[in-house]
C-alpha cells in the first residue's frame, strides 16, 4: 500500500536528518562550557541516585531520555519499535514524534502505538503541535497511556516548510491545555532554542516544564529548506540560540516552579552533565541516538545507552553530586564566544 503524503514527509525528515547529521555537528557548542574539577568530591558512586522528579506526578529513572524523533510511516514504526525496546531495557523515558499526523492519517497510529506495546510500563511523552485541540490532546494521551504531553513550538520550521502553518497564536491554547489535562505538559522547541522572553511568556501562561531545545543538533531549517523548491531560506540555517545559550537565558530569570529541560546537540554523557550544571533538570537526546541506530545498529545503541548511564553516574560522583538536580552548584567557566553572548544579553 502506498503511504500517505504525510507519511512520505516523515520519511523525508528521517532521510534529510541523516544527510545533514555530520554538517550540523561540526560545531559542538558545549565545548564552550568547562567544569571546574574538585579533587576531593567526598562521594562514592553508591551515593548517587539518578532519579529525577520533573513534576509531582512525573518521575524519570535517569536524567537523560530518548527525545521525540519520528512516527507516521512504516520506516518510523521500525525505528520506534527498536527505540521503545531499548527504552524498556534501560528504564529510560521516551518521547514520541508528533502525533498530529494521526488526525489526517489514522492508519499511521500503529507507528506510535508500538512504543507503548514494547514498553508497557515505561514513561512515555506524547507529542503534539501547540495548536492541538483539547480532544486531540486527550486522544493522544489516552491512546498511548502517556505520562506527559509535549507541545512543540516550531515557528521557524513551519515558515520554511512549504506546506507549514502560518498562524502562531499559541499561548492561550497552551495555557488552556495545561489547565485541562491531567498529565504534565512540556512545551518544547525543535532546535531553535529559547530566550528569557519566551520562557517568561510561558511562565505567565502557567507552563512549568519547558524544553529549550537549542540549536546544535537536528536542523529543521536545513531539512525544510531542502524540501522547499520554491523559496530559498538558506539565510536561516543558523537561526536561533544554541542549547548552552538557551540554558543561560533560562538561568537568568526567576523560575519559581518552572523546571527546564535541555535538548539539541547532546552527544556525550559530559554534555548531559554540563546541561545539568547550566540548570537543566533533565536532558533529551534524539539525533545522536538515531544516528547510531541507523548507521551502527541496534546493538551499538544498546551498548551506548548502558555506557551513558554508567558514565553519568560516575561523573556525578566525580563532581561530588549525589543527584542530577544538585549539579547547579558546580563551578564552571565559559569560552570566549559564550561568555560574550552572556554579557551582551546581561545573563551573568
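Glycine is no exception: its Cβ is also placed from the backbone N, Cα and C atoms.
Per Swiss-Prot, the feature substrate binding site maps to 9, 10, 157; the stated evidence is sequence analysis. Of all the Cβ atoms in the protein chains shown, 22 others lie within 10 Å of the Cβ of residue 157 (substrate binding site).
For the recorded site, residue 70 (FMN binding site), the DSSP three-state label reads coil. If you look up Swiss-Prot, you'll see 68, 69, 70, 98, 127, 188, 213, 218, 286, 287 marked as FMN binding site, on the strength of sequence analysis.
Residues annotated as Mg(2+) binding site in Swiss-Prot: 158. In the three-state DSSP classification, residue 158 (Mg(2+) binding site) falls within a helix. The number of other Cβ atoms within 10 Å of the Cβ belonging to residue 158 (Mg(2+) binding site), over all protein chains shown, comes to 19.
Taking the centre of the Cβ atoms of 68, 69, 70, 98, 127, 188, 213, 218, 286, 287 as the FMN site, the nearby residues of that chain (Cβ within 8 Å, site residues left out) are 67, 95, 97, 152, 190, 263, 284. The shortest Cα-Cα distance between residue 157 (substrate binding site) and any of the binding-site residues 70, 127, 213, 286 is the one to 213. Put simply, the two farthest-apart Cα atoms among 68, 69, 70, 98, 127, 188, 213, 218, 286, 287, the recorded binders of FMN, are 17 Å from each other. A gap of 16 Å separates the Cα atoms of residue 127 (FMN binding site) and residue 158 (Mg(2+) binding site). Taking the Cβ of residue 286 (FMN binding site) as reference, residues of its chain lying under 8 Å away and at least six apart in sequence are, in sequence order, 66, 67, 68, 69, 217, 218, 263.
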